[in-house]
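Here is the structure we will look at, set down as structure tokens.
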Amino acid sequence: MTQSLHYSSPRETLTDTIMMAKIRKNLTFEAINQGTGLSLAFVTAALLGQHPLPEQAARVVAEKLDLDEDAIRLLQTIPLRGSIPGGVPTDPTIYRFYEMVQIYGSTLKALVHEQFGDGIISAINFKLDIKKVPDPDGGERAVITLDGKYLPTKPF
């Protein structure tokens, strides 16, 4: 039976347990994800408390991290989403995404509306990918793909 959480602390506690096991076992998110049949981004978000995992994927993850049956069930619950507390983020990496939206948010909105019409890009019917590529000027670049379904506003 599908269960849902009405507050975030159970998943936050589980996330702490998961992260400690990941560190203790010296595992990457990629290694934990192997065998789940799901994307790396989705499983990582689930391990950080933002998505439920299907039972099979929860069991694969639990085996790698030595999690118990209660943790397996909790990994399958629908969480209270939103991992960033109110206000401006202070973590430098998260802040840069905030900064990108501050600078390019109105541009993205204008271009989405111009190309698609009045509506939104779904974060539910959504895929996320990140790749590291060489920078021709030296160093490396991050290529981040946000792939969401367009949902038009429907008058009623």
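Using N, Cα and C of the backbone, Cβ positions are placed for all residues, glycine too.
What Swiss-Prot says about this one:
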- R96: active site (ACT_SITE)
- E99: active site (ACT_SITE)
- S122: active site (ACT_SITE)
Could you measure between E99 (active site) and S122 (active site) for me? Cα positions, answer in whole angstrom.
21
If you measure S122 (active site) to R96 (active site) at Cα, how many Å is it?
22
